[in-house]
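As structure tokens, the structure follows; a few thoughts come after it.
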Amino acid sequence: MSAWPGIIEAYRERIPVPDGARVVTLGEGNTPLLPAPHLSEVTGAEVYLKVEGANPTGSFKDRGMTVAITHALASGLKAVICASTGNTSASAAAYAARAGLTCAVLVPQGKIALGKLAQAVLHGARILQVDGNFDDCLELARKTAGDYPVTLVNSVNPVRIAGQKTAAFEICDVLGKAPDVHCLPVGNAGNITAYWAGYSEYAADGVVPGAPRMFGFQAAGAAPLVHGAPVPDPDTIATAIRIGSPASWAGAVAAKEASDGLFDAITDERILAAYRLLARREGVFVEPASATSVAGLLATAADGRLPKGATVVCTVTGHGLKDPATALEGNVEVEPLAVDPAAVAAALDLR
Ligand code: F0G
């Protein structure tokens, strides 16, 4: 068996890359499609998790970033820029380092998880904390890239979407069909747009006979697509999707409508409940935003919107280690233990 070459080489005929370009890859893609027995039992569906935290920088962003940085390098410009709630910046920083490009990231001050900031720092990105939210950062990044010689690598760059659609290809390749339903957390809406592009492409080419219904879930405090209007001051514990004005709004709506899908809003309480359930019952540690897809699955199963026996894939978008603070909240033992097996046994209620 030869090594996995990354998504560009694996799906070369489906991803546009400039002739003769040096492909910048960290071996992204080929992530687990993991059966979820507990979720299957409670929902009456056949549930799988697409574990995108297994990508090189710990999120699905790497699929788009290998393509965006490959194009940026080929363009001859020496710098890339992005706005980010954290994962895009971590990914851009890593791929830019690999390519030898300068990377600037614009992040909302104090609102990105610690692990993501650590990644951008160590990969040598120029980190600019902005006194504003993600939407302000994106506007600033777009304007800067419009006026100066620097490539914008947010998902408004269409080559990012071309890379991210490979997750849908992988799911179909493994299942031998498209799932009936696909559940995703939605923030800036690039990923739901990309998955729908991937599923539609495979269906149009006859690789698989159909495409899933796309279920997109937003945090209740940041749910512009659910309300049908931008949210000026978005707020949620799931900082990755704390976005009030998604750039790929039209793509998300098209995916929902064409697939007979739905959008729904999920409270932080339910997001955190799904976050803990994934860790404790399925053994999968994700960041809070990622649990939104599973919280949405549980909500639709509970009120009858999820067809019984359906094959369902939930993408869990980012690794739990990105956000250790949320995991530790209220869960750490403070009292130190005596160096004594009897003390350990007592602490564990062993007899
Ligand atoms: N899950 C995680 C872990 C994310 O980081 C993001 C987006 C999403 C879901 C939503 O995906 O934006 O394509 O709808 N993070 C971006 C970032 C905004 O800057 O890292 P989307």
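Backbone N, Cα and C atoms are what each Cβ position is placed from, and that goes for glycine too.
Here TrEMBL flags 24-318 as domain 'Tryptophan synthase beta chain-like PALP'.
Secondary structure at Lys61 (N6-(pyridoxal phosphate)lysine), taken from DSSP and collapsed to helix, strand or coil, is helix. Annotation comment: TrEMBL describes Lys61 as N6-(pyridoxal phosphate)lysine.
Sequence annotations record features per position, and here TrEMBL assigns pyridoxal 5'-phosphate binding site to Asn87, Gly187, Asn188, Ala189, Gly190, Asn191, Thr317. Just so you know, the Cβ of Gly187 (pyridoxal 5'-phosphate binding site) picks up 31 other Cβ atoms within 10 Å once every protein chain is counted.
Of all the Cβ atoms in the protein chains shown, 26 others lie within 10 Å of the Cβ of Gly190 (pyridoxal 5'-phosphate binding site). Ala189 (pyridoxal 5'-phosphate binding site) sits 12 Å from Lys61 (N6-(pyridoxal phosphate)lysine), taking the Cα positions as reference. Long-range Cβ contacts of Lys61 (N6-(pyridoxal phosphate)lysine) within its own chain (separation 6+, distance under 8 Å): Asn55, Asn87, Thr88, Ala90, Ser91, Ala92. Cβ atoms within 8 Å of the centroid of the Cβ atoms of Asn87, Gly187, Asn188, Ala189, Gly190, Asn191, Thr317 (the pyridoxal 5'-phosphate site) belong to the same-chain residues Phe60, Ser155, Pro185, Val186, Ile192, Ala240, Ile241, site residues excluded.
Cβ neighbours within 10 Å of Thr317 (pyridoxal 5'-phosphate binding site), excluding its own Cβ and spanning all shown chains: 29. Neighbour counts were taken at the CB atom with a 10 A radius for the binding-site residues Asn87, Asn188; the maximum falls on Asn87. Reduced to three states, the DSSP call for Asn87 (pyridoxal 5'-phosphate binding site) is helix.
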